[in-house]
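Since the structure comes first, as structure tokens, the remarks are kept for the end.
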Amino acid sequence: MTSKPQPQLAVAPLPWIEILTYWVLSFGSHLYSFYQLHRFSKGKVDSNVSAYLFNELRINDQEDTSDFEWSFWTGWAKRSLLWTLIGHGVISRLTSIFYPKLRLPALTLYGLLAATNVLGIKGVSVLLVHLGLSFSVAQLRKPALSWACNLLLLCTFHIQQLQEIQRGWYETEEEYYLLLFSVAVCGLRFISFSLEHCWCPLERGGIEQLYWLFSYTFYHPFFYNGPIITYKDYVEQMWRPAEESDKDKSAFSYFVLRSGRIILWWCIAEYMIHVIYMHSIQSNETYLEILPPWALGGLALALVQFFFVKYLVLFGLPSMLATSDNLVPPKLPRCVSIMYSFTGMWRHFDEGLYRWLIRYIYVPLGGSHHGPLYKMFSTGLAFGFVCLWHGGHDYLRYWALMNWAGVLVENGLKSLFASSFIHSIVVSLKSKKLDLTSTWPCVTRFFLHFCPLFTHTIL
């Protein structure tokens with residue numbers, strides 16, 4: 001006996017005038033709050049604010065340089081990374097045209113040489129040691145041992161004596177941090193290879209497996225900062241003949257359009273830090289207390305919007321090059337102003353990391369297929385790993401706990417509203433032939449539209 005399907009509540013589309021009204025109010029509130037924050041940044045609300053921002057905080061040449069990540073990666077891009085990425089694209093294109101069979105070895109060798117040029121022989125040696133240990137332990141085909149090995153390798157970041165030795169290899173802190181970021185991102189690749197080999201041992205010999213791991217590790221566009229793709233996806237997509245991944249649009253038109261978008265995003269990010277000193281203001285508790293309400297809301301919006309645009313740039317160029325190499329990179333981050341849930345933020349902002357966590361942590365530990373307790377446990381360990389991978393600092397622990405709590409609350413409410421009790425209410429309402437979409441007042445729909453934006457701003 002089959003169960004009777006539960007009725008679904010049909011929702012009528014909103015009138016276009018109402019949708020237009022929401023868009024106008026949304027954009028208007030964004031722009032007005034940004035304007036108020038801009039006035040505060042330039043000292044038009046309080047002249048003492050401007051003097052302090054320029055004299056005490058990191059404001060140089062009308063630019064807010066307090067965001068470490070943006071200053072770090074744009075600095076490296078101007079020094080070398082932008083040019084090595086362009087070199088990768090040139091070599092990939094030339095080998096694809098003249099020597100297709102040599103494309104993968106050429107890209108692997110180029111990635112290794114580019115990493116050696118920036119990190120030095122000692123820095124690359126650290127990566128090779130991690131790679132060798134992960135590869136050796138993976139041959140035992142014990143997932144638990146592979147996890148233990150790779151987690152121990154990640155924990156070496158916190159050994160003070162090792163940090164001092166590695167800092168001594170470089171003249172600046174930026175060079176050491178680049179090594180740190182590279183090892184962290186490559187650690188995700190080592191875990192991906194190890195677990196894929198444990199679950200489904202490859203028929204290839206050990207030398208060929210090592211070759212593919214080298215190629216996966218030193219693939220230059222994804223080497224330093226991602227985005228993340230799994231070992232399984234990388235091998236399958238690189239193995240495909242070029243004819244299977246041809247697109248309707250020419251490579252040249254795709255390159256021009258995508259490059260134009262990346263340049264536009266870069267200009268928007270630079271414009272934001274030149275007209276709104278959001279990162280310097282957020283680091284000063286006094287100014288957070290005296291900010292006008294609209295400027296405070298603008299600060300919250302500006303921070304998350306800048307974070308979004310920043311990763312459009314950081315992931316945009318590597319993803320464009322990967323697409324030209326027949327790979328299918330994760331989708332670029334979705335605009336944060338249209339996301340209103342913790343689960344949506346995790347699922348759509350860094351899709352590569354999300355898929356990685358789902359495949360290697362959430363699903364193997366039970367996920368949602370073994371009841372709510374397994375789901376809570378799997379989700380908690382996924383956030384715990386993200387905290388450890390980012391450094392495991394105290395503020396990261398609080399951040400991970402709050403995100404875990406937010407996901408649990410959302411899932412609990414979703415289960416509640418999807419219960420049979422709610423469906424029975426729907427059935428009773430439909431039996432009375434009530435058209436809910438026509439009886440809801442416009443004010444309610446206005447609240448439901450702006451609730452995501454309000455919630456995201458508060459968080």
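Just so you know, glycine gets a Cβ as well, placed from its N, Cα and C.
Just so you know, TrEMBL annotations never went through curation; they're auto-generated.
Among the features that TrEMBL reports, transmembrane segment is placed at 20-37 (among others).
Sequence annotations record features per position, and here TrEMBL assigns transmembrane segment to 81-99 (among others).
Residues 80-81, 84, 87-88, 153, 166, 169-170, 175, 178-179, 182-183, 186-187, 190, 213-214, 217-220, 223 of the same chain sit 6 or more residues outside the transmembrane segment (111-132) yet have a Cβ under 8 Å from a Cβ within it. The feature transmembrane segment is assigned by TrEMBL to 111-132 (among others).
Same-chain residues lying 6 or more positions outside the transmembrane segment (176-195) and placing a CB less than 8 Å from one of its CB atoms are 72, 76, 115, 118-119, 123, 126-127, 130-131, 134-135, 137-138, 143, 146-147, 149-150, 153-154, 157, 166-167, 169-170, 213, 216-217, 222-226, 228, 230-232, 356, 360, 389. Here TrEMBL flags 176-195 (among others) as transmembrane segment.
Taken from TrEMBL, the feature transmembrane segment covers 262-282 (among others).
Long-range neighbours of the transmembrane segment (294-317) within the same chain, counting only residues 6 or more positions beyond its ends whose Cβ lies under 8 Å from a Cβ of the stretch, are 29-30, 32-37, 39-40, 45, 67, 69-70, 73, 82, 85, 221, 225-227, 258, 261-262, 265-266, 268-269, 272-273, 276, 278-279, 281-282, 288, 329-330, 332-333, 335-337, 349-350, 456-458. Residues or ranges marked as transmembrane segment by TrEMBL: 294-317 (among others).
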